[in-house]
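One structure is given here, and the rest of the page talks about it.
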Amino acid sequence: MRVDIAACRSSDELLSALAPVMHYFGRSPVAQDGDRFLPFIEPARGFVARADGLAVGGCASFPLELTVPGGRSVQAAGLTVVGVLPTHRRRGILHDMMRAQLDDVRRRGEPLAALWASEDTIYGRFGYGLASFSGEIDVPRAAAAFARPFESGGQFRLLPEDEALAPMAEAYERARPAHPGMIVRSAEWWRQRRLADPENRRQGQGELNRLVVTHDGRPSGLALYRVNQKFERGLSAGHVSVIEAVGATAEATRELWRYLFDLDWVERVKAMLLPMDHPLFFLLARPREMDFRVRDGLWIRLMDVSAALAARRMGAAEPVVIEVADAFCPWNQGRWRVSETGAATTSAEADLACDVTALGSVYLGGFTFRQLASGGRVSELRPGALARADALFPSDGAPWCPEIF
């Protein structure tokens with residue numbers, strides 16, 4: 001059976017490209033799904049695989065701006081809604097869609113591609129490297145005391161949807177440059193993907209609460225959360241689901257979490273998508289009780305090695321020549337002289353050898369070349385090259401993207 005893969009030509013075609021992945025969520029696309037994708041993805045950024053006129057596979061990419069070490073933001077294709085119907089698996093459709101998509105990303109001049117993986121074995125073959133871990137917690141309120149008491153200096157406000165945009169966006173933008181992995185959010189992104197609360201997004205949970213904390217008259221932190229109430233034998237057994245809690249300062253972060261842990265009539269506070277260096281490890285008197293669980297987070301694919309490395313902050317260290325293998329995007333393949341100012345092709349002998357997935361893993365500062373070498377992902381060809389390479393790729397802290405796109 002012939003399968004044709006083509007860029008979408010209309011919003012209706014883009015919506016049809018969502019159908020294969022929605023199968024795995026147990027439903028068909030609805031109008032509210034369009035609200036989360038169509039305002040941000042032009043049709044030509046979506047690809048649909050058709051067999052006998054039926055959409056059997058699809059994928060798309062958001063045009064994102066991703067924060068990188070040093071505080072700058074760089075254009076990135078945010079891969080999303082990837083799926084192939086179970087009736088057409090194991091026929092190379094995913095491979096061909098990735099080929100079409102990454103060629104399109106290159107034509108658009110976007111130096112990076114990024115994604116959240118539904119399965120961690122899928123995307124390495126296409127050059128994506130694991131760039132961050134993501135944490136999940138489930139904290140009993142009885143174990144949520146802080147190690148050191150403090151007096152709150154912030155003012156808290158719960159805001160309706162139509163008043164939340166400006167203060168939340170200000171607090172987030174103050175915080176964003178310090179966190180590689182965060183994306184720039186437009187006003188429309190805020191409205192449709194963070195602040196809106198249609199029934200189909202609640203999945204049986206409570207309404208969305210929009211919280212802002214201010215210090216010295218300026219928004220300094222935000223939290224989005226749901227209260228899920230339940231009583232068992234006359235006692236509260238509910239929990240708070242924290243969608244995101246972002247502070248622009250250490251003080252704001254501390255006060256946001258104290259607020260969340262102090263909510264009445266719930267027994268537990270749950271949160272996902274937390275960075276590995278979250279302050280809660282040191283704020284809580286009993287951090288073991290967080291039940292901190294780790295999974296893979298962002299995956300990064302370098303589309304243009306030179307442009308990607310020029311965008312992030314590089315360390316002041318001796319240059320290193322890296323032999324990069326990239327079978328899927330061969331324009332990246334070759335030897336790159338990496339220095340404080342970026343990367344350029346060279347004919348000099350290599351100091352290190354790796355494939356492009358390793359560069360994706362170190363790009364945001366979540367992992368080091370030495371870590372990757374210990375796992376067999378990087379080869380040190382000259383003594384001292386690993387140390388020099390790690391000095392060239394300094395970290396601004398654990399990468400953090402508090403939302404799945």
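Just so it is clear, glycine is given a Cβ too, placed from its N, Cα and C backbone atoms.
Lifted from TrEMBL, the feature list:
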type	residues	note
DOMAIN	6-151	domain 'N-acetyltransferase'
BINDING	Val82, Gly83, Val84, Arg90, Arg91, Gly92, Ile93, Leu94, His95, Ser118, Glu119	acetyl-CoA binding site
ACT_SITE	Tyr123	active site, proton donor
ACT_SITE	Phe405	active site, proton acceptor
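Phe405 (active site, proton acceptor) falls within neither a helix nor a strand when secondary structure is assigned with DSSP, and so counts as coil. Around Arg91 (acetyl-CoA binding site), taking its Cβ as the centre, 16 other Cβ atoms fall within 10 Å, counting all chains. Taking DSSP states H, G and I as helix and E and B as strand, the domain 'N-acetyltransferase' (6-151) has 46 helix, 50 strand, 50 coil. For the acetyl-CoA site, whose binding residues are given in the record as Val82, Gly83, Val84, Arg90, Arg91, Gly92, Ile93, Leu94, His95, Ser118, Glu119, the maximum C-alpha distance rounds to 19 Å. This prediction places the mean pLDDT of the domain 'N-acetyltransferase' (6-151) at 96.
Looking only at the active-site residues Tyr123, Phe405, the densest Cβ neighbourhood within 10 Å occurs at Tyr123. The Cβ neighbour count for Ile93 (acetyl-CoA binding site), using a 10 Å radius over every protein chain in view, is 21. A distance of 11 Å separates the Cα atom of Phe405 (active site, proton acceptor) from that of Val82 (acetyl-CoA binding site). The number of other Cβ atoms within 10 Å of the Cβ belonging to His95 (acetyl-CoA binding site), over all protein chains shown, comes to 12.
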